[in-house]
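S.K.: Sharing a structure below in structure tokens format, with a few things to ask.
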Amino acid sequence: MKLKQRVVLLAILLVIFIFTKVFLIDNLDTSAANREDQRAFQRMLSGLRVALDPRLEHTLQSPWEIAAQWVVPREVYPEDTPELGAVMHAMTTKKIIKADVGYKGTQLKALLILEGGQKVVFKPKRYARDYIVEGEPYAGYDRHNAEVAAFHLDRILGFRRAPLVVGRFVNLRTEMKPVATEQLLGTFMSVGNNTCFYGKCYYCRETEPACADGDIMEGSVTLWLPDVWPLQKHRHPWGRTYREGKLARWEYDESYCDAVKKTSPYDSGPRLLDIIDTAIFDYLIGNADRHHYESFQDDEGASMLILLDNAKSFGNPALDERSILAPLYQCCIIRVSTWNRLNYLKNGVLKSALKTAMSHDPISPVLSDPHLDALDQRLLSILATVKQCTDQFGPDVVLVEDRMTLSHL
């Protein structure tokens with residue numbers, strides 16, 4: 001064989017060797033990542049059912065101290081939470097030592113201080129489980145049960161970015177009124193034989209109070225994040241105008257995502273992928289009202305997008321508001337770990353998992369069957385949207401590897 005032929009042959013063999021090595025390493029890495037995603041999914045399923053048990057073993061800390069220590073820049077609670085049941089039990093049973101009007105906002109809520117000094121946000125029941133909220137996708141009062149369901153969906157998706165929420169029954173006459181501030185107490189009233197209050201908020205009206213069944217009011221309590229983690233509010237880049245006839249830029253500009261990618265904090269770091277995750281989360285629960293979002297202060301885009309205020313959800317199971325998915329179908333990117341988790345939840349697994357996760361809540365059943373069925377249907381729409389993206393741009397562009405090491409690990 002001539003020297004020239006040998007050189008060409010060696011060059012070809014070298015290319016084949018390099019290609020094979022790269023291909024195998026990539027496949028091994030991908031396979032290892034996928035196996036870890038599968039293991040994480042199985043761990044989530046095994047810990048879904050949370051019994052509200054007051055016992056805290058192997059610690060002298062209070063439930064509030066434990067929950068406060070869970071919070072880190074990229075999650076509100078860790079994957080492994082054997083004390084979760086005890087914390088949620090405390091949220092639903094600890095004595096209310098102070099009740100005040102809620103923080104600023106459009107919807108009725110009360111700020112409660114529980115025994116031990118823990119703040120929680122109480123949202124009262126407004127609708128029966130089978131009530132259909134008609135009109136715009138963000139119409140109607142806040143739904144307390146939506147907060148409970150959204151928290152457990154956050155667990156199932158593996159995001160761990162939603163504050164803890166649990167249902168609670170409160171005796172307004174004996175538990176709240178005696179410890180209410182003058183500002184809150186002034187909004188209490190009786191309607192027939194029912195105790196009611198209308199609180200203080202942008203849309204709160206004396207003519208539209210929330211009423212208990214007699215004195216007993218069903219609601220949700222959301223655990224307040226520790227004060228050492230102050231929040232920063234951001235306008236959502238895909239927020240609505242809420243003005244008839246006026247469209248936001250993302251609603252008419254097909255290249256809008258390209259513009260978002262050039263602005264901070266979406267030009268680097270995890271924030272844009274958090275926006276995509278949140279769009280998927282919001283589409284599943286039917287939340288079209290995330291006009292703003294919160295992160296931890298001075299984070300320069302590194303901390304998570306915190307999934308706060310999910311109560312404008314589960315209003316109409318027959319309405320699939322596709323515009324909620326705009327960040328996904330306009331940017332056509334998604335975390336590999338999110339994509340894997342969504343695929344594991346196909347074929348009725350999502351509905352079953354959420355039903356199991358909520359089964360021990362004091363206000364169970366949390367959702368009606370049509371809402372649970374809607375989750376599985378919406379999941380298929382998300383998967384189809386990602387497939388359209390991969391068909392157009394290829395999986396290497398659409399599926400983004402983003403496995404950040406969390407500070408507590």
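Each Cβ is built from the backbone N, Cα and C atoms, and glycine gets one as well.
Nobody curates TrEMBL annotations by hand; they come from automatic prediction.
The ATP binding site annotation in TrEMBL covers Gln107, Lys123, Thr222, Leu223, Trp224, Leu225, Glu294, Asp309. Taken from TrEMBL, the feature Mn(2+) binding site applies to Asp142, Asp309. Taken from TrEMBL, the feature domain 'FAM20 C-terminal' applies to 188-397. The active site annotation in TrEMBL covers Asp289.
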S.K.: If you draw a 10 Å sphere on the Cβ of the residue listed as 'active site', how many other Cβ atoms land inside?
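M.R.: Other Cβ atoms within 10 Å of the residue listed as 'active site': 25.
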S.K.: How many Å separate the Cα atoms of Asp309 (ATP binding site) and Asp142 (Mn(2+) binding site)?
M.R.: 9
S.K.: Going by C-alpha distance, which of the recorded positions Thr222, Leu225, Asp289, Glu294 is nearest to Asp142 (Mn(2+) binding site)?
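M.R.: In terms of Cα distance, Asp142 (Mn(2+) binding site) lies closest to Asp289.
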S.K.: Just how many other Cβ atoms lie inside 10 Å of the Cβ on Gln107 (ATP binding site)?
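M.R.: Around the Cβ of Gln107 (ATP binding site), 20 other Cβ atoms lie within 10 Å.
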S.K.: Using a 10 Å cut-off, grab the number of neighbouring Cβ atoms around the Cβ of Asp309 (ATP binding site), all chains included.
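M.R.: Summing over all protein chains shown, Asp309 (ATP binding site) has 25 other Cβ atoms within 10 Å.
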S.K.: For the C-alpha pair, I'd like the distance in angstrom between Thr222 (ATP binding site) and Asp289 (active site), rounded off.
M.R.: 18
S.K.: At a 10 A cut-off on CB-CB distances, which of the binding-site residues Leu223, Leu225 has the highest count?
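M.R.: Within the set of binding-site residues, the most crowded position is Leu223.
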S.K.: Taking only the Cα atoms, work out how far Leu223 (ATP binding site) lies from Asp289 (active site), in Å, as a whole number.
M.R.: 21
S.K.: How far is it from Trp224 (ATP binding site) to Asp289 (active site), counting Cα to Cα, in Å?
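M.R.: Spelling it out, the Cα of Trp224 (ATP binding site) and the Cα of Asp289 (active site) are 21 Å apart.
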S.K.: My understanding is the cutoff is Cβ-Cβ under 8 Å with a sequence separation of 6 or more in the same chain; which residues meet that for Glu294 (ATP binding site)?
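M.R.: Leu231, Gln232, Lys233, His234, Leu305, Ile306, Leu308 - these are the non-local Cβ neighbours of Glu294 (ATP binding site), listed in sequence order.
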S.K.: Of these binding-site residues, Lys123, Asp142, Thr222, Trp224, which scores lowest on Cβ atoms within 10 Å?
M.R.: Trp224
S.K.: Quick one: Cα separation, Leu225 (ATP binding site) versus Asp289 (active site), in Å?
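M.R.: That comes out at 21 Å between the alpha carbons.
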S.K.: How big is the gap, in Å, between the Cα of Gln107 (ATP binding site) and that of the residue listed as 'active site', rounded to a whole number?
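M.R.: Cα to Cα, Gln107 (ATP binding site) and the residue listed as 'active site' are separated by 12 Å.
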S.K.: Would you mind reading off the Cα separation of the residue listed as 'active site' from Lys123 (ATP binding site), to the nearest angstrom?
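M.R.: The residue listed as 'active site' and Lys123 (ATP binding site) have their Cα atoms 17 Å apart.
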